[in-house]
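Asker: The feature active site, proton acceptor is assigned by Swiss-Prot to Asp45. Residues annotated as NAD(+) binding site in Swiss-Prot: Asp45, Gly46, His50, Asn121, Glu122, Arg147, Asp149, Ala184, Gln224.
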Amino acid sequence: MKFAIQSRRDAQSNELMELAKTYLQDFGLTYDEEAPEIVVSIGGDGTLLHAFHRYSHLLDQVAFVGIHTGHLGFYADWKPSELEKLVLSIAKKDFNVVEYPLLEVKVEHHNAASNTYLALNEATVKSPDVTLVMDVELNGNQFERNRGDGHSVSTPSGSTAYNKALGGAIIHPTLAALQITEIASINNRVFRTVGSPLILPAHHHCVLRPVNEQNFNMTVDHLQITQGDVKAIVFNVANERVRFARFRPFPFWERVHESFVANE
């Protein structure tokens, strides 16, 4: 089996990376950064996001697993003290693969080819200077005109991140859906929106069309992308899925409880 390792690059993560690399090679596995079958992320959820985008062109063959060197994450459930146990499980191929849905973001331009991105957590659209005015279309039909700071569109697995901070719902990651959440929308007697997050199933899509401003600051997970000359931004549940190597039960609602409810 071929493997690669993504480190957060702090001292502890780098030390664990070297240990993991040595142990796995001792078991006969091959270190291959170009075409791995399993990627070990050592750091936090942000580190795994970096690993996901690094290998987003290999999603049909690569599975991810995370070791957290900070707080327990939604993607990283192994502790540094469990490294040897994890290595042994990888060497024995003693794991199942679970798949979660992703978000496809297609940016259409007036005078250039479109750009397409995949997000594991979310994509956001914001104006760099002024109030952002966007027409929101659902399945080809005008739904509302939004005035505010922008929109966040999240995956189910990303619903516990920025989406939750905006008041969005938490969605179990096995559900193929996307969630559209307003960012500081203006609602008064003149300007009105639904004022609530919208959850769309896999066979639905959302289009944001700029009314005036055509230059935006976009994020796709941790990536920051400036977009100009924008005609429309189309959001779908992607055909691709992310694959995680699961070695033991990792109940989603338990993670939610530990992250947001339980006392230290």
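Backbone N, Cα and C define each Cβ position, glycine as well.
Could you give the neighbours, burial and distances for every feature on this list?
Answerer: DSSP gives Asp45 (active site, proton acceptor) a helix state. Taking a C-beta cut-off of under 8 angstroms and a sequence separation of 6 or more, Asp45 (active site, proton acceptor) has the following same-chain neighbours: Gly66, Gly73, Phe74, Tyr75, Ala76, Ala161.
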Asker: Look at each of the binding-site residues, Glu122, Asp149, and point out the one with the fewest other Cβ atoms around it within 10 Å.
Answerer: Asp149
Asker: For Gln224 (NAD(+) binding site), what is the tally of other C-beta atoms lying within 10 angstroms of its C-beta?
Answerer: 10
Asker: What's the longest C-alpha separation between any two of Asp45, Gly46, His50, Asn121, Glu122, Arg147, Asp149, Ala184, Gln224, the listed NAD(+)-binding residues, in angstrom?
Answerer: 32
Asker: So if I draw a 10 Å sphere around the Cβ of His50 (NAD(+) binding site), how many other Cβ atoms end up inside it?
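Answerer: Counting Cβ neighbours of His50 (NAD(+) binding site) within 10 Å gives 18.
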